[in-house]
């Protein structure tokens, strides 16, 4: 059957990526597959504000309900779009600000969340995979200053403030990487990661910031591609123990569970891409990322059989952005001007003090 543009089709369960700054014909065809739920964008997909808005508009016009468009736009070293966007501080810098002055730290975190979300929503991006609420134990190469702090109470407070800013702007939040990625040194993009701690230690420390956000209506969680063998032999993103028993039943989380990228090395030991995706879905993920490997993405779409249930679909629909400002209004908006200036001033002061990592 010929696929028609703008056709009514429920969201699926797979998030894919794009090769460049424009949507190619074969990519349009891929995005019209019923299994697809959305697109994750990277730096390679960004050339200019105008180009990005044209790209997101084209993606959103393909289907109804609209495909989700997401990006990793945390701040610091993980900010996919730079020129034309406000530079955002690393979360670790917000943690230092909090320790110097709690009130100022919380206010700044809320403003950073609002600024990040407002600018992305204005160009058609639905949500950012943020905040990182891992704890900074000082040894993790991949987490480091992406984390607010080592103290779970501080991380919970700052995460809550950042999420509130995102929510005020109309953006859903995705807390990562459950149940905690900060303790281990390994980078799961490159290698298998194992955390040998007991469940009680993880629960009393790393899970606490997630609980704080769940209490305040967290929209989504991304599990870690990390093994915790004292709890389950499977990495959290493939584990019914972590996703169903701990996250759903013990933490009372009812939002979306979004897997980390199935192409990361830590996931590849579980068979080919269709096998990995199916395992993650069966474990309890509502949405699975397949990035940086278009062959694997097409294998998944042709071989995986999965029907998104009404509850999963509702969870994903809630991730659609609800921005209040259009791009043409943004720079003339007094609130944007004030918050962009405040965040820029903070970054300048950090640079002057030599606190940048």
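Every residue gets a Cβ built from N, Cα and C, even glycine.
Feature annotation from Swiss-Prot assigns active site, proton donor/acceptor to 189.
In the three-state DSSP scheme, residue 260 (active site, nucleophile) falls into the strand class. Taken from Swiss-Prot, the feature active site, nucleophile applies to 260.
The substrate binding site annotation in Swiss-Prot covers 72, 80, 146, 176, 177, and the record cites sequence analysis as its basis. Residue 177 (substrate binding site) has a Cβ environment of 26 other Cβ atoms inside 10 Å.
Positions annotated as site 'Important for catalytic activity' by Swiss-Prot, on the basis of sequence analysis: 187.
Rounded to a whole number, the C-alpha distance linking residue 176 (substrate binding site) with residue 260 (active site, nucleophile) is 9 angstrom. When the binding-site residues 80, 146, 176 are compared by the number of other C-beta atoms lying within 10 angstroms of their own C-beta, 80 comes out lowest. Of the recorded residues, residue 80 (substrate binding site) and residue 260 (active site, nucleophile) place their C-alpha atoms 17 Å from one another. Within the set of recorded positions (72, 260), the lowest number of other Cβ atoms found within 10 Å of a Cβ is recorded at 72.
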